[in-house]
Every structure is written in structure tokens, then in C-alpha cells.
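Remarks on the structure that follows.
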Amino acid sequence: MRVPLLFSAFLWFVSEAHVIPLTEMFGEIRTPNFPDSYPSDSEVTWNITVPDGFRLKLYFIHFDLEPSYLCEYDFAKIESEEQILATFCGKESTDTELAPGQQVITAPGNFLSLTFRSDFSNEERYTGFDAHYSAVDVDECTERSDEDLVCDHHCHNYIGGFYCSCRFGYLLHTDNRTCKVECSDNLFTQRSGIINSADYPNPYPKSSDCLYKIELEEGFVINIHFDDNFDIEEHPDVSCPYDYLQIKAGRREFGPFCGEKSPGRIETGSNSVQIIFHSDNSGENTGWRLTYTVTGTSCPDLRPPLNGQIEPSQSKYTFKDQAVISCKPGYHVLKDNVEMDSFQIECQKDGTWSNRIPTCQIVNCKLPKDLENGFFTFPTAENITTYQATFQYSCREPYYEMVPNITSLYTCDARGTWTNDVLGARLPMCQPVCGMPHFSRTKLARILGGNIATKGISPWIAMFSRSENGGPFCGGSLIGNKWIVTAAHCLHHELSPDNPVLTPSSLFELSSFKVRLGKRISNAS
């Protein structure tokens, strides 16, 4: 069985004011002699103190004091931190006196004082009062209004106190309530970007020191433009004593800036910029945002080569801009005697281009490949072999015909290749023609017989001659690229009538005769 712990304070008789300190978390307070009548000419004060994080409440379960106009005679007075919370007397409230009834008196803090005073005489018997007090936890998270005491982000209440915490990415300051950011190591290397105070456009963190660096190559100049929505805590008489933003660019400094007037556009003249932002532990200002861009050293205008083009085509080129030179179809880039599809140059920090503009040279397919048993012809005597030039293959007719049977026109394309509409880059073939002779056998004539032979009438178009004197002795017919048919007796010595047997020793040595093609001998008298 739990027995509640009660604290009772009794004073039977005092002739002078008496002060009783109370520090328990709860207790009971009674007038002297309660429940008998209290003594006259008495004054007792109970000073109740509990730990920080609590407030006190007090109420009466019995109250019976001498009534008087405005409680001038006997009374119970309740105070807290030099503030009178209530003065009671009588038993029930009237127009001129106030009794507590069921009222609960709550102190704003952790201290409450209850004073009982009786005058020198009572005409009737009054029993006094029986009061109870207790400590009540203060919810600082919902009740605190002092800016210097509330949490920046999250407040957590517990019995007797509270603590603060911060959102992700923030750090709790040593004051245990302010949330600051770690923003001293921000580096920007892109050619453009946006930088703003933390949580913009919401109030920026307190007690923070931020450093933002913009670092670019030499040859670039950084330009900064602040948004019109600019709000940094200021002072009406002193220049930026609380929060401020300052910019350092090389040997130049801009600012400090604060207030609601945007700095606008700032041309730093440098490729390296530091943006410094400081905030103290007070204020609710929305901060700032800026956009930075860069401009580079200008390079001379570019003109494309003849039959060429430049991409991208710009009216102005600055540092780090790149341009690609290419040529129209049928032309290729020529740089230092090297052929290529395109060539890239870059604007340098000193305002010059990394290389000269190359030229565009027309594609040359060069001479066509030889066609076996055929030949090629150009339409003009110049034998042009460059882009869009043409030539035609032909077979040696009537002995060869083209396979497949196509228009054998080839054109030099943009890649430098001879191409045909049907075969592409492949070559046709010249195939031998077989069939009946064009002349009757009655018209056949011997080449080696003194008669004039009509062209094409005799198959004997090869001549065998002696190596020593060059005199002809037989004829032959060409039956292939490397073969000739002739009579057998043309290739051996005359056989002995006594022993007409052909032996290897009877054959002519290859070095003893020659074969000539296409030679015509005429002995006209």
C-alpha cells in the first residue's frame, strides 16, 4: 500500500513574521492550530522552491478566514517573483472579498510564496486553511517565447527540462540551442553555378561562418549577380555589425553587405573568388542567392576554309571555346600533309588559337585498277580521278565479253572509292567468248605461205622463230593466257629414216626458239 508523502507546516503561535522554506516537490500547508481556530496577530510565510524546469501550482481544500473589505484584516496572499498572484479571505467570494474556492493558482516559475496574516482580534472562530502544492513539469518546447531560449530546429521536452537537436546537415552550437552549418569548405570549379545561404529562402542558420570558393583557370573572369531578394540582418547606425557577406577577388574586396538592398552585379576581374558569410546568434532573415558566370579572353574571328565549314559557328569565341573544322562531301581536311575527317582547335588563355585553320582538299580516287582482258577509258583526255569524276571499263571484244552485262561506268565517291551503281566497289569480269568462226574455211590462208591473210581469218597468230637468226619456221594459235597450240613436228629435230623414234633428246631446247605474237610479215615483190 502506497502512503503518500505529505508535508505539513504548523505554527501554533507567533508574535512576529516567520518564514518557512519548502523545497519538496509537493506538500501540504496549514494555518497554525488547524483545524482549530488560528491565533490572532500572526504572520507566516512559506517560500516554496523547486528545481528549474518545473512550475508550482497551489490549491485549497479548506479555506475559512475572517472576512473583511478588500481583505484588510486576515488574508492569505500568494506571490511569485515579486508578483502578487492572488489575495484571499473570508469563506466565500463577495463583491469586496475573494475566496479561492476550487481555483488552482499556478506560478509562472519554480518559486511561489504563500503568506498568512491575522490581525489582533477575531470576533468569531475561524479555522484557517488547508492548502496543497505540487511541482508541475514545464513544457519549454511549447511555452518558451524568448528568442534567446528557444531551439532553432527541434525541441525535446523531458521531466524537469528540455534539449535541442538539429536537422541533418547542421551542428548544434555550444549554446545547446542554436543550429549552425558546416559551410567552410565549399569549392566551385564549373563555369557557371548558383550559390545561396543555407535554407534559402527560409531564414539562414545562426552562429555560422561560411566560405564559398570559386576557382577557375587563368583566362577566365568571374562575374557575380545577386538576386533582388536579399535579406541580411543589419543595424540602422552601424555598418553590418551582426551578419554580413563579403567578397574577395584577388587584391580586390567587395562589401561587407547586409540589409535588404541587393548588391546586384559585381564584375570581380579575377578567376579566383572567395565569398564569406557570417551570422551571429540572433535574427530571422531569409538570406541571399547569387548566380555566377564567367567570361574568357577573346580569340580572333574564324573563317572556314574553301569548301569547308566550322562548328559551332559563333560571332565571338572566348577562352576554352572549341571549334571543329570539317569539309563538304568530296573533300577532306588536310593538315601538315595528313588527311583527316575533321580538325579541332581551341581558344587559349592568351587570346590565340591553338592551331591554324587547315585546308579542304578534294578527294582523289587515283587511277582505277587494271581489268584483266579489259581496259578503262576516261571521258576526257585529262584523265581526272577526283571527286565525281568518271571512267568506264571495257573488255577486249570480240574475244571477251563483260560479266555481268552492266553499264560499266564508275564514279569517284566522297570516300575516295570508285563505285558502280550495280557492283559498288567490285570490278566486273571479262569472260572469253566461244563460238563459230566468222569466216568460211575456203577463205582460210596460211600466214607462213606468202599469201596476205585477212585479219581474223586464221587462228595462227603466233610465230616460232630461230633464236640464232630470227627466221620463222612454224606458226601457232593462242588458246589461253599462257598456252599456244602448234604442230608436233615444229618442236623436234628431223628424225632419222632408219630410226624414226621420238626421244627426249630429239626435242628442241626452249632457248633455241622464240614465240612472237601479233607480228605480221609480208614479202611483197
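Cβ coordinates are placed from backbone N, Cα and C, and glycine is handled just like the others.
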Open item on the list: Under TrEMBL's annotation, the disulfide partner of Cys327 is which of Cys299, Cys360, Cys365?
Closed with: Cys360
Open item on the list: Which one, Cys395, Cys474, Cys490, is listed by TrEMBL as the other cysteine in the disulfide with Cys430?
Closed with: Cys395
Task: Ca(2+) 3 site partner of Asp243, Asp280, Ser282 (as recorded in TrEMBL), chosen from Glu233, Glu253, Glu267 - done: Glu233
TODO: With reference to TrEMBL, specify which of the listed residues Cys151, Cys179 is paired with Cys164 by a disulfide.
DONE: Cys151
TODO: Looking at the disulfide bonds in TrEMBL, identify which of Cys258, Cys347 pairs up with Cys299.
DONE: Cys347
TODO: Starting from the Cβ centroid of Asp137, Val138, Glu140, Asn157, Tyr158, Gly161, the recorded Ca(2+) 2 site, name every other residue in that chain with its Cβ within 8 Å, sequence order please.
DONE: Gly53, Asp139, Cys141, Ile159, Gly160, Phe162
Task: Cα distance (Å, whole number) from Glu140 (Ca(2+) 2 binding site) to Ser282 (Ca(2+) 3 binding site) - done: 19
Open item on the list: Using the alpha carbons only, what distance in Å do you get between Cys141 (disulfide bond) and Asp280 (Ca(2+) 3 binding site) once rounded?
Closed with: 22
Open item on the list: Based on DSSP, tally up the residues of the domain 'Sushi' (363-432) by helix, strand and coil.
Closed with: 0 helix, 28 strand, 42 coil
Open item on the list: Please count the residues of the domain 'CUB' (16-136) that DSSP assigns to helix (H, G, I), strand (E, B) and coil.
Closed with: 3 helix, 59 strand, 59 coil
Task: Nonlocal residues around Cys179 (disulfide bond), in sequence order (Cβ under 8 Å, 6 or more apart) - done: Asp152, His153, Cys164, Cys166, Arg167, Tyr170, Leu171, Leu172, His173, Pro205, Lys206
